[in-house]
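Engineer: The structure is given below, and queries will be raised subsequently.
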Amino acid sequence: VLVESVLVFAVVLSVHAVVWDRFSWCAVALALQAFYVQFKWDRLLQLGGAVFQFRGAANSGLLPASMVIPLLGVVMKERCRAAGIVYFERFGVVVASTGMLLALFLSVLAVGITKPVPTNTCILTGIAGSVIIYTMKHSLTVSEVIEVLEVLLIFVYLSMILLYLLPRCFTPGEALLVLGGVSFVLNQLIKRSLNVVEGRGDPIDFFLLVAVVGVVLLGLVFTVLFVFMDSGTWISSMFFHMMTAVLGLGVIMPWLYRLIQRNPLFWLLQFLFQTQTRLYLLVYWTFLAASACGVVFYQNAKRSSESKKHQASTITRKYFHFIVVATYVPGLIYDRQLLYVAAVLCLAVFIFLEYVRYFRIKPFGQTLRHLLSLFLDERDSGPLILTHIYLLLGMSLPVWLFPRSCAPKGTLSGAGALVPYSGVLAVGVGDTIASVFGSTMGEIKWPGTKKTFEGTMTAIFAQIIAVALILIFDSSVNLNSSYAWILASVSLVSLLEAYTTQIDNLLLPLYLQIMLMA
């Protein structure tokens with residue numbers, strides 16, 4: 001935990017040194033108080049007094065998770081300010097303020113339920129909170145303050161509902177990241193739906209907002225519904241599919257139509273088949289999806305043919321990382337907008353299939369349970385299987401969060417040009433190579449972890465080679481001699497992978513994106 005905290009502080013101070021404004025000072029204050037409160041959360045988890053049931057075999061992860069959204073907002077604000085885009089500069093300020101307020105809420109919650117009351121931590125949290133609120137008071141407009149408070153309110157209600165319904169699925173830090181992100185998306189969707197201006201806004205951004213909110217809404221509806229009926233019967237399964245169609249065609253489609261001012265299905269088909277390059281990419285991705293399914297069926301056939309219980313090895317699970325890299329790299333090089341939309345569709349399909357598996361919806365629910373149980377690891381301790389969804393999110397978030405409006409000619413200068421590749425570098429290359437080489441050839445272990453020195457060093461070297469290949473094949477990337485910063489960023493994130501107990505597929509790409517954008 002201490003080494004993980006040191007690495008997070010290194011990222012915070014790096015961003016602070018580059019930005020050096022009131023919000024970067026607030027980020028430093030937030031990191032200091034989160035470091036102390038993290039130990040209170042860890043103690044609550046060990047004693048079983050943390051209100052909800054959180055994922056075991058991991059620390060609370062409050063410090064690394066608390067800094068992600070604020071730092072993303074700070075670096076986005078700085079990039080958009082440099083580009084002269086005032087609207088998105090203010091948007092970055094709102095993101096940073098929202099992230100800080102959500103993190104402070106979790107900190108206050110931990111301090112409040114800790115007995116006896118930790119006086120020193122209370123004082124530190126109070127000082128950090130006062131600094132942050134004072135800065136927000138002098139930086140945000142009234143409408144922006146209301147927006148931040150709306151997100152906090154949504155987060156509180158979502159947390160109470162989902163953490164109760166999904167025990168042992170998240171650590172406190174992962175809950176902050178996932179539920180904070182969903183709360184922000186929901187608030188943005190409501191805000192944009194109430195202020196629709198024809199011709200303003202990119203349809204693919206609206207598509208992401210509606211898809212995320214739609215699948216979450218779908219899950220909440222079915223969770224309430226199946227409290228009163230058995231989800232494993234044919235009648236319940238028919239009702240599930242009918243309700244999916246009703247909600248999709250009766251709520252989600254009209255909502256998207258209001259935002260983009262055209263038929264969503266016609267727009268999507270026209271978008272997907274607009275150019276010949278997109279057609280080739282779709283055929284190629286279909287082949288890779290079939291290959292991934294083939295790996296699942298082959299491993300399950302191998303399990304059934306063996307007398308002893310067979311579980312997929314680390315190397316086998318990393319096959320999917322290689323397939324995902326092969327999926328994303330051509331999309332990033334040839335058509336990022338298509339990759340953006342395809343990733344949204346894939347996320348919606350993944351979450352829908354997880355609903356089918358979780359609720360045992362016929363005819364595929366039980367089959368999916370059997371097929372996916374082979375690939376479970378210690379992080380899938382709750383009722384949901386989320387590792388494959390986290391892998392998709394880790395690869396997609398740098399693409400979705402890339403500030404296109406603040407990037408002249410579609411790309412940022414210097415190390416920022418690699419921002420869309422953050423997921424590919426951190427998870428697709430770094431994490432995969434570290435796991436494969438560490439588990440097969442690693443001998444020197446990092447103190448206090450199962451990760452090896454050889455795995456981490458190999459991961460750093462592999463990511464440097466990947467950056468060189470990106471420079472060769474993607475002509476839009478121009479690093480402007482920022483090689484030292486890239487090496488430091490890759491090294492910090494690789495060391496974080498060795499020491500964090502949080503979901504690395506989600507955390508590592510975001511930290512690499514923050515460093516590259518800074």
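Placed from the backbone N, Cα and C atoms, the Cβ positions cover glycine too.
Reproduced below are the annotations present in TrEMBL:
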TRANSMEM  7-36  transmembrane segment
TRANSMEM  87-111  transmembrane segment
TRANSMEM  117-136  transmembrane segment
TRANSMEM  148-166  transmembrane segment
TRANSMEM  206-227  transmembrane segment
TRANSMEM  239-257  transmembrane segment
TRANSMEM  277-298  transmembrane segment
TRANSMEM  319-334  transmembrane segment
TRANSMEM  340-360  transmembrane segment
TRANSMEM  381-401  transmembrane segment
TRANSMEM  421-441  transmembrane segment
TRANSMEM  485-512  transmembrane segment
Engineer: Same-chain Cβ contacts of the transmembrane segment (421-441) under 8 Å, 6 or more residues past its ends?
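Structural biologist: Counting only partners 6 or more residues beyond its ends, the transmembrane segment (421-441) has Cβ contacts under 8 Å with 314-315, 318, 321-322, 324-325, 328-329, 332, 391, 394-399, 451-452, 454-456, 458-460, 462-463, 466-467, 470, 490, 493-494, 497-498, 504-505, 508-513, 516.
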Engineer: When you scan the chain for residues with a C-beta under 8 Å from the transmembrane segment (485-512), skipping those not six or more beyond its ends, what do you find?
Structural biologist: 3-4, 7-8, 10-11, 14, 57-59, 61, 64-65, 68, 72, 171, 173-174, 177-178, 379, 386-387, 390-391, 393-395, 397-398, 414-415, 418, 422-423, 425-427, 430-431, 434, 446, 448-449, 451, 455-456, 459-460, 463-464, 467, 479
Engineer: Can you say which of 7-36, 206-227, 340-360 has the most Cβ pairs under 8 Å with the transmembrane segment (117-136)?
Structural biologist: 7-36
